[in-house]
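Trainee: Pasting the feature list from Swiss-Prot:
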BINDING   R41  L-glutamate binding site
BINDING   A75, S76, W101, T151, D171, Q194, N236, T237  pyridoxal 5'-phosphate binding site
MOD_RES   K195  N6-(pyridoxal phosphate)lysine
Amino acid sequence: MTVYNFNAGPAILPPSVLSQAQEELRDFAGTGISVMETSHRAKEFEAVNNEVEARFKALLGIESGYRVLLLQGGASTQFAMIPMNFLGADQVADYIITGTWAEKARDEAQKIGKVHIAATTEAENHNRIPSQTELQFSENPVYVHLTTNNTIYGTQWQSTPETNGVPIVADMSSDIFSRPFDASKFGLVYAGAQKNLGPSGVTVVLIREDWLDKGAKNVPTMLRYSTHAKNNSLYNTPPTFGVYMLNLVLAWIQEQGGLAGMAEYNTRKANVVYNAIDNSGGFYRGHAVADSRSQMNVTFNLPTQELEKQFLAEAKAQGMIGLPGHRSVGGVRASIYNAMSIEGVEALASFMAHFAAKQG
């Protein structure tokens, strides 16, 4: 039986990447040892480390002005690290609240400095993305923080908002490299790797080089971006296997036609599942309003909790795992990140149609 992995993260990885990692597991780059045994100072690993930054920039079409850092601690550490470095005592940062992870980022920033809420969709249980006209920025924010995709609620920014020239800081953990984006609008982008870029354990940061000089100097060494930039992300021992896997995934994305190719593929996949919802006669109810729907996380409910439990049990029995929704929304969540195949979403849509038909 084929198993389709709809987990929200750690999530599905490209089968070809797993096969390559399997082949090289005991002999990395002709060394005769595993990458997990290789010194992070070895030239073979440093080559991988450098390849990651080169591939990352190539996919975005940028040659200079930015650094790619490979950190640890997940996006949750970034929630605090960003304001520690860039939110001064007499400054304000604007936060747009579209879900749980944006709330967590705001909470950490409030411990460090002044935070202004530019918009929030909390009253609607975060079922949509605020419109441009709803955004009320403070007079002179040092940055505007947003979460580009909301895994729990199944919403996603369809375009980058205008911020009057203020740099955007974005948590892209769940949709990074699922589509192109204009790096010039961002001062800093961060993402845990475990949804679209590889296994858990690596946090990727794209940061403008001029921001490296702006960082506070009284921040502990490991929490300064400049520390990691100066040391090529090798200040301390990195998660070498995670970095190696990240490099393989980036190469795979390039092979799929880059970010434009991924965007086209992800749109096709998402449409398959959303069509199953929209054509169900109301049996399936999407949580997100139509113009805020995520292409990465499709969230929906059934008429009763009992039917939801039955749906999840039968889907699992047919090889579709990781579908239970987050407790904040309940129901079903299908995470269809870059590596999810079109066959996977078609299997889910077919199951959805048959399940609804059985209920009469």
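Cβ from N, Cα, C; glycine included.
As the structure is a computational prediction, the values presented were derived from the model and not from experiment.
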Trainee: Hey, what's the Cβ neighbour count for N236 (pyridoxal 5'-phosphate binding site) at 10 Å?
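Mentor: 12, counting other Cβ atoms within 10 Å of N236 (pyridoxal 5'-phosphate binding site).
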Trainee: Looking only at C-alpha atoms, tell me how far the residue listed as 'N6-(pyridoxal phosphate)lysine' is from W101 (pyridoxal 5'-phosphate binding site), rounded to the nearest Å.
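Mentor: Roughly 15 Å, rounded to the nearest whole number.
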Trainee: Which of the three DSSP states, helix, strand or coil, fits T237 (pyridoxal 5'-phosphate binding site)?
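Mentor: DSSP assigns T237 (pyridoxal 5'-phosphate binding site) to coil.
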Trainee: Take the C-alpha atoms of W101 (pyridoxal 5'-phosphate binding site) and the residue listed as 'L-glutamate binding site' and report the distance between them in angstrom, rounded.
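Mentor: So the Cα of the residue listed as 'L-glutamate binding site' lies 35 Å away from that of W101 (pyridoxal 5'-phosphate binding site).
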Trainee: Hey, how far is D171 (pyridoxal 5'-phosphate binding site) from R41 (L-glutamate binding site), Cα to Cα, in Å?
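Mentor: One finds 30 Å between the Cα atoms of these residues.
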Trainee: DSSP secondary structure for D171 (pyridoxal 5'-phosphate binding site), reduced to helix/strand/coil, please.
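Mentor: In three-state terms, D171 (pyridoxal 5'-phosphate binding site) counts as strand.
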Trainee: Using other CB atoms within 10 angstroms as the count, which residue among the binding-site residues S76, T237 scores least?
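Mentor: Looking at the binding-site residues S76, T237, the Cβ with the fewest others within 10 Å is that of T237.
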Trainee: Give me the Cα-Cα distance between A75 (pyridoxal 5'-phosphate binding site) and the residue listed as 'L-glutamate binding site', rounded to a whole Å.
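Mentor: So the alpha carbons of A75 (pyridoxal 5'-phosphate binding site) and the residue listed as 'L-glutamate binding site' sit roughly 26 Å from each other.
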